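Asks: First, the structure itself, so that you have it in front of you.
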Amino acid sequence: MIDFEKELNNEQLEAVTYVDSPLLVLSGAGTGKTRVITYKIAYLIEKQKMESHRIMAVTFTNKAADEMKKRVYSLVGDDAFNLWIGTFHSNTLRILRREGYIVDLPNNFTIIDQDDRLSLLRNIVKRLGIDDKKFSPKMYLHLISNYKNSLDFVYRKEPEEIVHRFNDVFENYQSELKRSVQIDFDDMLALTLRIFLENREILDFYSNLFDYILVDEFQDTNSIQFNFLKILAERKGNICVVGDDDQSIYGWRGAEVGNIVNFDKHFDNVKIVKLERNYRSAPAILYVANNLIRNNSFRKGKNLQPHHNFDAKIEVKRCYDERDEAEFVVKQIDKIVKEGVSLSDIAVLYRTNAQSRNFEVALNRRGIPYQVIGGISFYQRKEIKDILSYLRFFNNFYDMASFIRCVKTPPRGIGDKTIEKIISVMNKEGVSAFDAAKMVARESSKNVAKRLFEFIDLIDGLNQFDKISEMISYIVEKTNYEEYIKQFEEVYVADKRINNIAELINSAVAYEETVQEPNLGDFLSSTTLQTSVDEMDDGSIKLMTIHSAKGLEFDTVFLVGLENGLFPLYSSMDEELELEEERRLCYVGVTRAKKRLFVTYADTRIVYGRRQEMEPSIFLDEMRVAKGVEKEFKDGKKVFHSKFGRGMIISIKGSGEDAKADVFFEKFGIKKMALKFLELI
C-alpha cells in the first residue's frame, strides 16, 4: 500500500487525489511533475479502483513513456502493463489499427518514414516536371506536414495552392500512399481525430473506454493534439493535464502556449493546482528566475519556492568579446572542478548552436573533455564541412576527399563519370586533381567543359584574397550556397545553417585578429576538432542550446551570450508574444542550475563577419542581479587579456567604469585599456 500523504507534499497530494472535474496542474521547474503523474495513476488504480486498461497517459517522447511505465510499475506492479501509456503517435496508432476502415484504411497499413517520404516526393516532383531547384521536395514535405497538422486537413478542406502546383503534388503524394497502403506520421493523429468527428459511435466508445486521461508536458501541445484530447475528454471531464506555461518554448514548431493558459476556458469547472515547491535550485537562483518570468503577461502566474536552503553562487560577467567570454567560462570551470564538482554536472547553455565554437576551442586548448548535446559539434556540421572543403582543396590540390565534396556541393552538373575520369588522369599522369580537372575539361564535351572550367575558375579566384574570412565569403557568394540550403531545407533549418556559416566567417575573423601571421594551413588545422555526440556521458562538460537542456539539471550552469539581438533574438524583440517565448527560454536556462549560475555577456561580438558593439540583454535587468563583479586591481597585479595574453599592471587611473590601466604585455609591450577588459590571474 502506498502512503500518499507521507510520500507527497501538500500541493502534490491535492493534484494526485483530485478527480471530480478537469484538472490543470501547473508544475513549475523542479517541482516533481513526473512524480505527480505516476502517483496519480497509482491513486486511480489503488484508491479509485479504476481498471488500468481504462487509463490513458500521453507523453511527447518514447523515452518519457518508457520512464513513466517503469515508475508506475514500481508502484502498482503488473497493472502497469495494461495502461495506455505512450506518445500521441503510439496511442492513436492503436486506435487506427482498429478503426482505420472508417477512413478506408486497411488494418495492415504501414508507416512511411521521413526518408522514404522525401524520396517519394522527389519522384513526384520529377514526374510532374517541376523545377526542383525552385520548388524542392523538402519544401513540399514541410508544407504537406503543416497542412496535415491543421484542422483544414481533418475537416477534409481542400488545401490552398500555397506554392506552385502544391495541390498536384499533394494529390499525387496521397495517391501513392494509398496505393502502397501507407500513412505518414502526420496522418496518425489527424485521421484519428477525423474518425472521432465523423463517427459518433466510435467517439462514444473511446470516450467511455477511458475513465481517466493524463497528459504530460501539456504546454507543448499543438492544435491537432489539443483538439484530440478535448473531443475525447469533454463529455466526462476526466482529464488531468500537467505542464508549465513558463516553459513553453516550442512555438516555432507549432506548440501553442494558449492551450495551457486558456485550458480553463475550454473545459467546465476546471480545478487548478499549482506546484511551486522547487526541489532543485537554491533560493537565490529561484529569486532570479521568478523576477525574470513575472515580466511575461500571457501566463497563469506562479512563484517558485525553495525546498532546500543552501547557498548559491550567482555571477554576471561582462566580457570584452566572445573569446574573452569563452576564456572566462573555462577558467571558472577549472576552479569549480578543483572544488570537487564533476565535469558532467557542469553545463554551458546558449541560444544558438553557432555559439558553441568558441567554447569548444577554449576547452580543447585546456584539454577539458566536453560533449555537444543535441547535435554535432560546430566543424562537423554539414554546411561547415561543405565550405571548408573548398578551402582544404585550395590548400592542397591532392586532397581527393575535399575535391570530391566541393566539386559535387552544391550540385553543378559534374557527374560521377567525369570525376572518375579526373581521378584516372590524376593517377596516370601524376598530377594534382586541379591540374587533372583542367586536362579533362579540354577533352570533354562543351557542356561538361563549361561546368569544369567554372569550377576551376572559382577555385583559382581564391588567389586574389589575403584574408581567410574573405575567401569564405567569396565561396558562399560564388556557389550561391545560401540559396542551395534554402532549396533543400525547411525554413527554420535553413536559417540555422546560414547562421552557422556566418559564425564560420566570424571564426576566421577572430583567427586573423589573434594570430600575428595568419595562414590558411594553420587555420584549417585549428578547425580539426569535435566528434558527433548522441548520448550523455559522465566525464565531460555539456555544451548545448537551452532547447536541448529542457528537463535536465546541473550543479553549475553558464548561461552565455545575454545580449540584445542574440538573446533575445532581434527578430523577436518587436513582437510581444515572440519576446515572451524568448523570456521563457531564458527562464528554462536559469532553472537548470542547482547551486551555481554564471551569466555572461560581451561588449563586442563578430556578427556576419563584422565586429559589432552589443548591448546587455533586457533579461539581465529583469533578473535584478548586478551586471558585473568588482575586483581588486592594483599596480603589480598579473592580468589576462583575451587578445594580448598575460601581462602586469604598471599604473591605474580613474575609477569605476572609467578606470584604465597601463599594462605591460611580454609580446606586445605597454598597452592602455579599461580595467573591465582585464581578468585577474
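Glycine too: its Cβ is placed from the backbone N, Cα and C atoms.
In TrEMBL, annotation is done automatically, which means it is predicted and not curated.
Below are the features listed in TrEMBL for this protein:
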BINDING   Ser27, Gly28, Ala29, Gly30, Thr31, Gly32, Lys33, Thr34  ATP binding site
DOMAIN    6-282  domain 'UvrD-like helicase ATP-binding'
DOMAIN    283-551  domain 'UvrD-like helicase C-terminal'
Asks: Just name the most isolated of the binding-site residues Gly28, Gly32, going by other Cβ atoms within 10 Å of its Cβ.
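Replies: Gly32, out of the binding-site residues Gly28, Gly32, has the fewest neighbouring Cβ atoms within 10 Å.
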Asks: Do any residues at least six apart in sequence from Thr34 (ATP binding site), in the same chain, have a Cβ closer than 8 Å to its Cβ, and if so which, in order?
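Replies: Non-local contacts for Thr34 (ATP binding site): Glu67, Met68, Arg71, Asp216.
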Asks: Taking all residues of the domain 'UvrD-like helicase ATP-binding' (6-282) together, what is their mean pLDDT?
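Replies: Taking every residue in the domain 'UvrD-like helicase ATP-binding' (6-282) and averaging pLDDT yields 91.
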Asks: What other residues of the same chain, not counting Ser27, Gly28, Ala29, Gly30, Thr31, Gly32, Lys33, Thr34, have a CB atom within 8 A of the CB centroid of the ATP site?
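Replies: Going along the sequence, the neighbours appear as Val36, Asp244, Leu275, Asn278, Tyr279.
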Asks: According to DSSP, which kind of secondary structure is Ser27 (ATP binding site) found in, if we only use helix, strand and coil?
Replies: strand
Asks: Quick check on the binding-site residues Ser27, Thr31: which one has the highest count of other Cβ atoms within 10 Å of its Cβ?
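Replies: Max Cβ neighbours within 10 Å, all protein chains included: Ser27.
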Asks: Measure from the Cβ of Gly30 (ATP binding site) and count the other Cβ atoms within 10 Å, all protein chains considered.
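Replies: Cβ-Cβ neighbours of Gly30 (ATP binding site) within 10 Å number 21.
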Asks: Taking the Cβ of Lys33 (ATP binding site) as reference, which residues of that chain separated by at least 6 in sequence fall under 8 Å from it?
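Replies: Long-range Cβ contacts: Val25, Ser27, Asp216, Val242, Gly243, Asp244, Leu275.
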Asks: Counting only residues 6+ away in sequence within the same chain, which have a CB under 8 Å from the CB of Ala29 (ATP binding site)?
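Replies: Sequence-distant Cβ neighbours: Asp244, Asp246, Gln247, Asn278, Arg280, Ser281, Ala289, Leu304, Tyr587, Val588, Thr591.
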Asks: Translate the DSSP assignment of Gly32 (ATP binding site) into the three-state scheme.
Replies: coil
